[in-house]
Amino acid sequence: MGSGRGCETTAVPLLMAVAVAGGTAGHLYPGEVCPGMDIRNNLTRLHELENCSVIEGHLQILLMFKTRPEDFRDLSFPKLIMITDYLLLFRVYGLESLKDLFPNLTVIRGSRLFFNYALVIFEMVHLKELGLYNLMNITRGSVRIEKNNELCYLATIDWSRILDYVEDNYIVLNKDDNEECGDVCPGTAKGKTNCPATVINGQFVERCWTHSHCQKVCPTICKSHGCTAEGLCCHKECLGNCSEPDDPTKCVACRNFYLDGQCVETCPPPYYHFQDWRCVNFSFCQDLHYKCRNSRKPGCHQYVIHNNKCIPECPSGYTMNSSNLMCTPCLGPCPKVCQILEGEKTIDSVTSAQELRGCTVINGSLIINIRGGNNLAAELEANLGLIEEISGFLKIRRSYALVSLSFFRKLHLIRGETLEIGNYSFYALDNQNLRQLWDWNKHNLTITQGKLFFHYNPKLCLSEIHKMEEVSGTKGRQERNDIALKTNGDQASCENELLKFSFIRTSFDKILLRWEPYWPPDFRDLLGFMLFYKEAPYQNVTEFDGQDACGSNSWTVVDIDPPQRSNDPKSQTPSHPGWLMRGLKPWTQYAIFVKTLVTFSDERRTYGAKSDIIYVQTDATNPSVPLDPISVSNSSSQIILKWKPPSDPNGNITHYLVYWERQAEDSELFELDYCLKGLKLPSRTWSPPFESDDSQKHNQSEYDDSASECCSCPKTDSQILKELEESSFRKTFEDYLHNVVFVPRKTSSGNGAEDTRPSRKRRSLEEVGNVTATTPTLPDFPNISSTIAPTSHEEHRPFEKVVNKESLVISGLRHFTGYRIELQACNQDSPEERSGVAAYVSARTMPEAKADDIVGPVTHEIFENNVVHLMWQEPKEPNGLIVLYEVSYRRYGDEELHLCVSRKHFALERGCRLRGLSPGNYSVRVRATSLAGNGSWTEPTYFYVTDYLDVPSNIAKIIIGPLIFVFLFSVVIGSIYLFLRKRQPDGPMGPLYASSNPEYLSASDVFPSSVYVPDEWEVPREKITLLRELGQGSFGMVYEGNAKDIIKGEVETRVAVKTVNESASLRERIEFLNEASVMKGFTCHHVVRLLGVVSKGQPTLVVMELMAHGDLKSHLRSLRPDAENNPGRPPPTLQEMIQMTAEIADGMAYLNAKKFVHRDLAARNCMVAHDFTVKIGDFGMTRDIYETDYYRKGGKGLLPVRWMSPESLKDGVFTASSDMWSFGVVLWEITSLAEQPYQGLSNEQVLKFVMDGGYLDPPDNCPERLTDLMRMCWQFNPKMRPTFLEIVNLLKDDLHPSFPEVSFFYSEENKAPESEELEMEFEDMENVPLDRSSHCQREEAGCREGGSSLSIKRTYDEHIPYTHMNGGKKNGRVLTLPRSNPS
């Protein structure tokens, strides 16, 4: 089934200006204009969409019963942008979403509609989401989404942003209707959605297509033109979307017409409008014209040019100029030649007459067969009144409604180039009410060749016929039997012989009849037979039933030619005449009779023959779909199913087949943490009770002993009428759908073509009571054990039952579980069983009252540091599945506290841990929450938490003694170590601690033997609340949390909280706090800020400023257009890159002013705040994530060689100048969106390349200004590189107005240094130690070496070890830095 346009079905190339959603803005790619497609039965033809950008016609994908989800996983057609007619999906199994199939479908124009709809999704049994996240406009028509049992994400779509009018949308009987969908828009699981929200029916709701794709909502002022990713309005000629604002060449689709890569309001010369959406040239239209003229296929039009349009034919009043295909106005009456493709055109209704409206010349023959109609004469004159000439013959046959032929008011010529059998050019037969031909006083008619034929026109006078002979010039051409003298104008007839049927055979839609031959004395008088038949439920039909003077006739009449007969009576072997009746209704009784059609003459009377009326019934066939299936659950193990018989039983319905199969819960429910704030808890409801009176009686009589239910109020007449209209409309749509999509299968030619009709293997009939309840399916979490074994799909086997009535109680089901039920009607219990198309319905059993209760007591285990581990057993067979647990605990005398435990967290710990409990008596209880709601609370469990400092004095003595001895021993060992260290200074081969993410000098080296002392930075523990994990840091887990009163003027602040692992040693805990002490000295807006320390109690916490967008490297990569986690923002502009550069330079200038050298400046170690400010520092998470950015040289420590300067790689020199080299690489990362530097080179090759004087090439399309900055940073001579203050000075004029208010560059702290300090800064920068407490060492080194270049390098190599600001030496590596070659 194609597009229905004949020769228009050839795909033509098209270069469309389309911006690929999620791709590079403004990207142009080639595509094709493809014809409409009907893809059914299998996926073979689906690949024809591979290169289509536009489907000029409709797209139907339907009736695929053997496809599976994996068949669609690798299928994607990203080039498809627009469908000009409609999109229909119907019964495609295995298809779960359209997001991968049509990721860039943006516009459905609706030029031709499917039953008034442009988008139809009907009975898609596995579809879970639409996923058309780039669909922006449905130009004409509405949306119909119906009977999709798994379809969600419908309530989250704002159709008013896609269609102009949503009142005619029909979206019913989907899973979304039952509120069973846990629709989660992107970002909701993290507590903040990224999707726009709009108001529908008074509800302000986020809009999205799937859990990972928001609905794009443009500003209202953009109307339907669409907008860019930044929300800027497209050009007025755009439709749906664009890549750049106000540019007609950057549209995804065009509002009016498309021409040469841009959208235009109208097609300029020499182009013409075509199909209401594109411009074509004359050659294109000419090719269509000649192609169709030569092919003469039905429905193929010979296109012409008119009013700047390439259209199928000229309108009325115009004729085609064959030289240029133009439609030119006629001079006077306009000849409009209408070609009859089949040679003959039968006019049997007003509709068929309208097809000839405006025609003046008929190239072919006309057959008029009108039996009835309203205002028929006026309608025929309006449509046929302009016909002046007929090239063939005119036949008026059995037109009971005609009284005159005057509606042919301009007909003046019948050429007779094609004649009816017997050489007739005018043929009038059996017109019961025809009284007049024309008013011959006013009408002239010429018949060029051929004869006249008049028979069985009882009300047409012979004088009228003879007048026509004279006027038309045919007098003398007729033979004796051409004009019957006794059947024209005379109703008498004689039929006295009985015809008998000799053979009858039936099928479900055909009847084959044969009867005994009949020949009059002169066999030439037999014109043929007339077969009459009609539906007859009862055997009481007479011949004249349903006929009246107005031409109404309830009989269907078929003209049958007489059998062939030889003129030699001796050799005649007459065969039995017969007829095959087609297109009948199955299992229907028909009344049939046959009579002869013979001629009458004035010389003799010929007697005819007629049969008796017989009754024949067609055979049975497959019944239609059972109507109105309703499913309800009356208990936790039963579902009641009711339905109505099919509208077309097509036989005696003997029984019904019912199949049911348990459905697995949505896999997304296992992955989401429903304890997060803002995440909607999924809900499932069982099937509601019946509402109709019949259903209530049905329930009470068979399944419910109580009759105390309240009655519902009777419905009003308007409600009943509305329900009837909706039911009728729904049935009409389904009939239309089935008539369109179910077409006869082509007969197989023996080539073994696969029959893809839905088939079902016979299942063993089992007792319903023996159905085994299976356990719910659990996802495979890594490293998680569970007491509930996962259930595979094989265990959800289907069951079948044969039912002899229109209801069934399905028992033995699992509580609160969804079931998919199929229902088929069957007739004739025979070996070749006939079962019809299945109806589908979904139902869910009621919840079990105690199924969600936790069995057994809640146990506990108390650990040190006042940590209590609570443990309990999962409910063995919950209602659906458990989504979370609620823990309620309280200390005696305090208020009750509640803790939410997610399913995933419970699986990890088989319970949960309560931390930071104060000493005292506690009670705790737990309850589970399933898809059905909350279970019951467990019985309270009691435990006592002691004060870990409250220990007996004798135990204290036992512990304190050894501690004193260990302390004294440590002091002695430490003294020896320091003495040896002073005598053995570290040289170039000395040890250096390097972490996989080194940044700052650690306070552990500043105060190696100190113990942290609480100060004004101390924060009470109760003011810190942990919300969620951010990742693993150097010492332990890093959390996002809330801190109260930690910043002056803010009641509550979102912070990052670093912790120490429980297994950490005392030294590691001290180092952790000492590292926090280092951060206390940083008070720069562009350096991550310390907010407080919690050192009292366990665990130790360090509270830092929260950087909401993570590290700069991840942030830049997320801005790539093809990134899966793209937040919907475009890549940074030049202005934004300059702002980032200045913020990093300002933070580094501050650190240098504090005499700190970074040594690992990279995008991974810069953090991005909520307002996209970039700051120096991280939360200790990049060590595991980016360890591949480091290189272990010579078996020693890890070094970030791709960011290191030549002198650092060669001599181990780390200075402010080497930081400047790294700063240049950071610039390169910003402009390349965090690509890997020196891609294609190994770490060893990078070492050699940089030490030999090489550096990075600027990225493609890099702004020249940033390229110049990079090259300044990559000067081989360190002294030639700029300082960070100079970088800020170069960029200060292009920065945000807020920069002077917050930056170090403009602060009072950045005062000009004294001359001697300035001199030291430039000359002795390499001597700046990593320990800011070692100023005396700096002075001593400067005096000893005299400031020469060689001395500086040698002195630098004597720097002391250092560690990362977020980690101690445990994550460092001791390595020997390489010596420079003596040469």
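Using the three backbone atoms N, Cα and C, a Cβ is placed for every residue, glycine included.
Swiss-Prot lists 1-26 with the feature signal peptide.
Residues or ranges marked as phosphoserine by Swiss-Prot on the basis of similarity to another entry: Ser399 (among others). Under the three-state DSSP scheme, Ser399 (phosphoserine) falls in the coil class. Counting every protein chain shown, the number of other Cβ atoms lying within 10 Å of the Cβ of Ser399 (phosphoserine) is 26.
Per Swiss-Prot, the feature phosphotyrosine maps to Tyr400 (among others). Neighbours of Tyr400 (phosphotyrosine), defined as other CB atoms within 10 A of its CB across all chains, total 20.
Among the features that Swiss-Prot reports, phosphoserine is placed at Ser406 (among others), with the record citing similarity to another entry. Classification of Ser406 (phosphoserine) by DSSP places it in coil, neither helical nor stranded. Summarising the environment of Ser406 (phosphoserine), the number of other Cβ atoms within 10 Å of its Cβ, over all protein chains shown, is 18.
Marked as region 'Disordered' by Swiss-Prot: 687-709 (among others).
Feature annotation from Swiss-Prot assigns region 'Disordered' to 747-783 (among others).
Per Swiss-Prot, region 'Important for interaction with IRS1, SHC1 and STAT5B' is recorded for 997-1000.
Residues annotated as phosphotyrosine in Swiss-Prot: Tyr1000 (among others).
Around Asn1165 (ATP binding site), a 10 Å sphere centred on its CB holds 26 further CB atoms from the protein chains shown. The feature ATP binding site is assigned by Swiss-Prot to Ser1034, Lys1058, Glu1105, Leu1106, Met1107, Ala1108, His1109, Gly1110, Asp1111, Arg1164, Asn1165, Asp1178, with sequence analysis given as support.
According to Swiss-Prot, the feature S-nitrosocysteine maps to Cys1084, an assignment based on similarity to another entry. Cys1084 (S-nitrosocysteine) falls outside any helix or strand according to DSSP and counts as coil. Annotation for Cys1084 (S-nitrosocysteine): spatial neighbours Asp1146, Gly1147, Tyr1150, Leu1151, Phe1304, criterion Cβ-Cβ under 8 Å with sequence separation of six or more.
The feature active site, proton donor/acceptor is assigned by Swiss-Prot to Asp1160, with similarity to another entry given as support.
What Swiss-Prot records for Tyr1186 (among others) is phosphotyrosine.
The phosphotyrosine annotation in Swiss-Prot covers Tyr1190 (among others).
According to Swiss-Prot, the phosphotyrosine annotation covers Tyr1191 (among others).
Positions annotated as phosphotyrosine by Swiss-Prot: Tyr1356 (among others).
Annotated region 'Disordered' per Swiss-Prot: 1361-1383 (among others), in sequence order.
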Using all protein chains in view, find how many other C-beta atoms are within 10 Å of the C-beta of Glu1105 (ATP binding site).
19
Count the other Cβ atoms sitting within 10 Å of the Cβ of Asp1111 (ATP binding site), across every protein chain shown.
24
Asp1160 (active site, proton donor/acceptor), number of other Cβ atoms within 10 Å:
24
Counting only residues 6+ apart in the same chain, whose Cβ is under 8 Å from the Cβ of His1109 (ATP binding site)?
His1115, Met1167, Val1168, Ala1169, His1170, Phe1172
In whole Å, how far does the CA atom of Asp1111 (ATP binding site) lie from that of Ser399 (phosphoserine)?
86
When a 10 Å sphere is centred on the Cβ of Met1107 (ATP binding site), how many other Cβ atoms does it contain?
23
What is the separation, in Å, between the Cα atoms of Tyr400 (phosphotyrosine) and Met1107 (ATP binding site)?
88
Per-residue pLDDT averaged over the region 'Important for interaction with IRS1, SHC1 and STAT5B' (997-1000) comes to what?
38
Please report the Cα separation of Asn1165 (ATP binding site) and Ser406 (phosphoserine) in Å, rounded to an integer.
95
Return the member of Ser406, Glu1105, Met1107, Asp1160 nearest to Ser399 (phosphoserine) in space, with distance defined Cα to Cα and candidates limited to these recorded positions.
Ser406
Considering only the recorded positions Glu1105, Met1107, Asp1160, which residue has the minimal Cα-Cα separation from Ser406 (phosphoserine)?
Met1107
Measuring Cα to Cα, tell me the gap between Asp1160 (active site, proton donor/acceptor) and Glu1105 (ATP binding site) in whole angstrom.
21
